[in-house]
Amino acid sequence: MTIKKYTLLTALSVTAFSGWAQGNNTTDNNDEMVVTANRFPQPKSSVLAPVDVVTRADIDRWQSTNINDVLRRLPGVDIAQDGGMGQRSSLFIRGTNSSHVLVLIDGVRLNQAGITGASDLSQIPISLVQRIEYIRGPRSAVYGSDAIGGVINILTGRDKPGTTLSAGLGSNGYQTYDGSTQQKLGEDTTVTLAGNYTYSKGYDVVAGMPGAGGPRQPDRDGFMGKMLWAGLEHQFNEQFNGFARVYGFDNRSDYDGYTNYSNPLALIDTRKLSSRTYDTGLRYKNGIYASQFIASYNRTKDYNYSPLFGQHDITASLDEAEQYNLQWGNTFQLTNGMISAGADWQEQRTERKSSNQNTTADFTQHNTGIYLTGQQQISDVTLEGAVRSDDNSQFGWHSTWQTSAGWEFIDGYRLIGSYGTAYKAPNLMQLYSAYGGNANLKPEESKQWEGGVEGLTGPLTWRLSAYRNDIDQLIDYSNLTNGYFNINKATIKGVEWTGSFDTGPLSHQVTLEYLDPRNADTHEILVRRAKQQVKYQLDWQVADLDWSVTYQYLGQRYDKDYSTYPEETVELGGVSLWDLAVSYPVTSHLTVRGRIANLFDKDYEMVYGYQTPGREYYFTGSYNF
């Protein structure tokens, strides 16, 4: 776990420039390589910020049906979802807003339509995910806007040649069918194809209706999703390789909605989200230098409509977003460290059509950023730093920086301290929407301090961290002036302990968290964040049976009852949740899996007024050849 003097130097010299954008290599001593923390490859143990890696093997072992189910197991993560599969969700990292999390897909910023500026991970197909790298703490000095609470990098595709076919059934009419293959075309070309279809009848999420939002809807709120992925990679020579990828998904979700003011017969209770992504890149490596260039385009359409009248009716609404990205990154190996320098450019175009289709808003924003990151080891001390400047078409130049230091004061034990600044730029809808847009908005800004100690005590690898995050100029909607303004401040304090150890065939992972997220002006607790969390993951294998037990305790939380005016604060009680999963290899090719989610059928809410599904059963089978 802790960094050794030989680990960083040896690992980087061996693996640093072998497909460094993917971050899925391991060193000779089985220390995983990651790239997300500082935009260069490094052993996971050398990263000074808290970092977690989830592999495809982990996802299969846990039998997660969506990305939210994967992330909820990780330290610092709190998820609030409006019901079951496909319903809107919010992701909070260390108590920061859901819009303060930077989500990357294959290292490229996720394009998210809508006015919130927050990434809704409930809509990303789990079958698309090969690996997740998760960094806690500010990273705007590395990536720019949004990275106040942390960064999640979702890596797609398939990691080795072969073909996998799988199918699954579960509660509430759940069914999924999945296939992927990777084949070599000659010695230098690799083709990867994947597809998925998922369907669930769902259940009635209720959504606190009837109330101010709309009528009671005693129906199932289901979900259907389709996904296709294709990739091509070619090794031109020892120095150059290139790749091209295209993938897309179409999702449809039912929810408890609202009546349209212009047509009382139009009940807006269906969401259709369509996303298409095209990217290509070229990598070069030669000795101590490596470089990568990526170009990417994404288009997302987000409809909300009444099935009675259709998505193109005048009662429907549409958020459409286009995103262009260019990235150029360069990595240099030093004697006992690495540095990375580069630039990225992004253009976003957003179009929103109102519910009467007569009001159309079309906005464009572009951003150019330059960055420099580095890590250097000097004896028992590891130093890390980053600086970045962004030129935004709306608010001009904005600079951020961060620095960290780690001291291995005793063999196997390390003290770590860090400080970082971060920001969140206002999105186009907040700036220019006809419904309260404010072109004078300033970026939200944060300052975060963190101190910690980590060590290897017998079989136990552990880390204790304490942090404080002060966030200024928070953007919120004012009902008094009917517009968006920089009106709030937040102070978030937290303590986090993580540990992992093995006892014979049993593998244990434990997280203990205490969080105090408050509005700095009113001292109110920020909504939908648990003050205490306990997470425990137990995995073991006995007689070819691969078992997994997951426990999560969510402490007291608060929310708002938006069906009242003015909205009232309500308390959501704590809850303990258990999951049980088991898999069995019938043959060397066929594996069957079963899972019980919410084993003891606990009744609880993540969002006030929205029911959770209760106990659920899942059964899947996969065939590899």
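Placed from the backbone N, Cα and C atoms, the Cβ positions cover glycine too.
Marked as signal peptide by Swiss-Prot on the basis of sequence analysis: 1-21.
For 31-38, the entry in Swiss-Prot reads motif 'TonB box'.
N97 (cyanocob(III)alamin binding site) falls outside any helix or strand according to DSSP and counts as coil. Marked as cyanocob(III)alamin binding site by Swiss-Prot: S90, N97, I115, T116, S317, R528, Y562.
Residues or ranges marked as transmembrane segment in Swiss-Prot: 174-183 (among others). Proximity of distant same-chain residues to the transmembrane segment (174-183), defined by a Cβ-Cβ separation under 8 Å and at least 6 residues beyond the stretch ends, is recorded for 65, 85, 127, 158, 160-168, 190-201, 229, 616, 618, 620.
Residues or ranges marked as Ca(2+) 1 binding site by Swiss-Prot: D204, Q217, D219, D221, D256. D256 (Ca(2+) 1 binding site) falls within a strand segment according to DSSP.
Residues 19, 86-87, 106, 123-125, 128, 156-157, 202, 219-232, 269-286 of the same chain, all 6+ positions outside the transmembrane segment (238-254), place their C-beta atoms under 8 angstroms from a C-beta of that stretch. Annotation source Swiss-Prot lists transmembrane segment at 238-254 (among others), citing sequence analysis.
Summarising the annotation, Swiss-Prot assigns transmembrane segment to 271-285 (among others) and lists sequence analysis as the type of evidence. Sequence-distant neighbours of the transmembrane segment (271-285) (same chain, 6+ residues past either end, Cβ-Cβ under 8 Å): 17-21, 105-106, 108, 111, 113, 123, 239-255, 291-305, 311, 325.
As annotated by Swiss-Prot, transmembrane segment applies to 317-333 (among others).
Taken from Swiss-Prot, the feature transmembrane segment covers 363-379 (among others), and the record attributes it to sequence analysis.
Counting residues 6+ beyond its ends, the transmembrane segment (381-391) has Cβ neighbours under 8 Å at 3, 8, 38, 46, 48, 140-145, 367-375, 397-408, 418 in the same chain. Taken from Swiss-Prot, the feature transmembrane segment covers 381-391 (among others).
Feature annotation from Swiss-Prot assigns transmembrane segment to 395-410 (among others); the stated evidence is sequence analysis. Cβ atoms under 8 Å from those of the transmembrane segment (395-410) belong to residues 2-3, 48-49, 138-142, 144, 380-389, 416-423, 425-426, 441-443 of the same chain, restricted to positions at least 6 beyond its ends.
Same-chain residues lying 6+ beyond the ends of the transmembrane segment (460-469) with a Cβ under 8 Å from its Cβ atoms: 1, 50, 94-96, 137-138, 148-149, 416, 446-454, 490-501. Summarising the annotation, Swiss-Prot assigns transmembrane segment to 460-469 (among others) and lists sequence analysis as the type of evidence.
Among the features that Swiss-Prot reports, transmembrane segment is placed at 505-520 (among others), with the record citing sequence analysis.
Annotated transmembrane segment per Swiss-Prot: 546-561 (among others), in sequence order.
Taken from Swiss-Prot, the feature transmembrane segment covers 569-583 (among others).
Summarising the annotation, Swiss-Prot assigns motif 'TonB C-terminal box' to 608-625. Proximity of distant same-chain residues to the motif 'TonB C-terminal box' (608-625), defined by a Cβ-Cβ separation under 8 Å and at least 6 residues beyond the stretch ends, is recorded for 60, 63, 65, 81-84, 87, 162-172, 174, 176, 203-209, 211, 559-561, 563, 570, 572, 589-602.
There are 13 other CB atoms within 10 A of the CB of D219 (Ca(2+) 1 binding site), with all protein chains counted. Proximity of distant same-chain residues to the transmembrane segment (546-561), defined by a Cβ-Cβ separation under 8 Å and at least 6 residues beyond the stretch ends, is recorded for 61-63, 72-73, 78, 208, 524-525, 527-540, 567-584, 604-605, 607-609.
Between the C-alpha atoms of D256 (Ca(2+) 1 binding site) and Y562 (cyanocob(III)alamin binding site), the distance comes to 14 Å. Working note on the binding-site residues D204, D221, D256: by count of other C-beta atoms within 10 Å of each C-beta, D221 ranks first. When the binding-site residues Q217, S317 are compared by the number of other CB atoms within 10 angstroms of each CB, S317 has the fewest. Listed in sequence order, D78, A80, S90, F92, R557, Y558, D559, M606, V607 are the same-chain residues at least 6 apart in sequence whose CB falls under 8 Å from the CB of R528 (cyanocob(III)alamin binding site). According to DSSP, the motif 'TonB box' (31-38) comprises 0 helix, 3 strand, 5 coil.
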